[in-house]
Amino acid sequence: MASFVIEGGHRLSGEIHPQGAKNEVLQIICATLLTAEEVTVNNIPDILDVNNLIQLMREMGVTVAKEGIDTYSFKAENVDLAYLESDKFLKKCSSLRGSVMLIGPMVARFGKALISKPGGDKIGRRRLDTHFVGIQNLGADFRYDESRGIYEITADRLQGSYMLLDEASVTGTANILMAAVLAKGTTTIYNAACEPYLQQLCRMLNRMGAKISGIASNLLTIEGVEELHGTQHTVLPDMIEVGSFIGMAAMTKSEITIKNVSYENLGIIPESFRRLGIKLEQRGDDIYVPAQETYEIESFIDGSIMTIADAPWPGLTPDLLSVMLVVATQAKGSVLIHQKMFESRLFFVDKLIDMGAQIILCDPHRAVVIGHNHGFKLRGARLTSPDIRAGIALLIAAMSAEGTSTISNIEQIDRGYQNIEGRLNAIGARITRI
């Protein structure tokens, strides 16, 4: 098991480019199964979760070719349906959460999908009900094989339907959407997720011949078509990585420029960091973060403590709350971090407390952070990364700490961040992989 050794206290300086968005590319790769024609995807990040899904596609019989440093082509002309029933395939699915989004394309195009309970982060309960109920509403049958621990989903031809989702699930909406584009008739999805990832998926599917309207809203209408064709698609920059770099700059008192961020797709992320007192400027499609010796958390107009909470888009993505919590440990003032959507993502705060942070964990969803105003540095420590987002938050803490820190289980970080130590070392960090 690999680890990072981080020498804290070094300022960063220079330019850094965000990778392609992990949450988008997992959906896009699954969507290539909807056509027998070639689909070319640009700006694919070289990270563990994505590479595992690409390898899974190869094993399914999809022709995958690496066309450039971050460009792949996919041609699902001869999918091996027998392999999809093998224990090897099902075992791989169980270790990759993104595999759940294979259900919609497989059922829509081939009439059948088998999948085991998918893996991924251990950040609390992530229900699959939205996926299953939505695809059932399109006419699919679900059967759970208790002896093998797998779900079998079958359908002769999916039928369009109206559905009101009980939660604005990003992956659930994507799965239903990918199934509905080849269904007979019209499908209406109300309370659909509308994150930029979903907007990108919708636009790609429309270029492939789908008929989707209501893009960027929570009401999607899909008129089913007989078949889709090939296309080209470019993945957006990863907004989570952009936010992570803003947090790193603040914690290490650094001046950096984050290049080509697709600013219009960042939503309220920049404003959320400004509420913590962090200065940043939009320069074209870049974000410039000046060096700040201190930053002060804002208060609400009535003087009450600032609250930073996640919410479905256009609210703040839950994937950045771990970073914002760490950033607040060195701010002037206090903030309540409210993680509404998952109940275990704050369970890494004990590690920050061991490093000297002042944090009160109120319950599994809420933590109050009392900032040090950079008056007391965090201390280097031996740490373990429990999930992707906590892992990057701990890395930020270690980079700002006094002394040396070690982070183990960095495979979790590798799942979501491409060559993170190489890119950060290039702008002044001191991180060694051992």
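Placement of Cβ uses the backbone N, Cα and C atoms for every residue, glycine included.
Lifted from Swiss-Prot, the feature list:
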- Lys22, Asn23: phosphoenolpyruvate binding site (BINDING)
- Arg97, Asp319, Met341: UDP-N-acetyl-alpha-D-glucosamine binding site (BINDING)
- Asp121: active site, proton donor (ACT_SITE)
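Overlay of Swiss-Prot feature records on the structure.
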residue	record	Cβ within 10 Å
Lys22	phosphoenolpyruvate binding site	25
Asn23	phosphoenolpyruvate binding site	23
Arg97	UDP-N-acetyl-alpha-D-glucosamine binding site	19
Asp319	UDP-N-acetyl-alpha-D-glucosamine binding site	25
Met341	UDP-N-acetyl-alpha-D-glucosamine binding site	19
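For the pair formed by Met341 (UDP-N-acetyl-alpha-D-glucosamine binding site) and Lys22 (phosphoenolpyruvate binding site), distance between Cα atoms is given as 19 Å, rounded to the nearest Å. Binding of UDP-N-acetyl-alpha-D-glucosamine is attributed in the record to Arg97, Asp319, Met341, and the widest Cα separation among these residues amounts to 17 Å.
Rounded to a whole number, the distance between the Cα atoms of Lys22 (phosphoenolpyruvate binding site) and Asp319 (UDP-N-acetyl-alpha-D-glucosamine binding site) is 12 Å. In this structure, the CA atom of Lys22 (phosphoenolpyruvate binding site) is 12 Å away from the CA atom of Arg97 (UDP-N-acetyl-alpha-D-glucosamine binding site).
According to DSSP, Lys22 (phosphoenolpyruvate binding site) sits within a helical segment.
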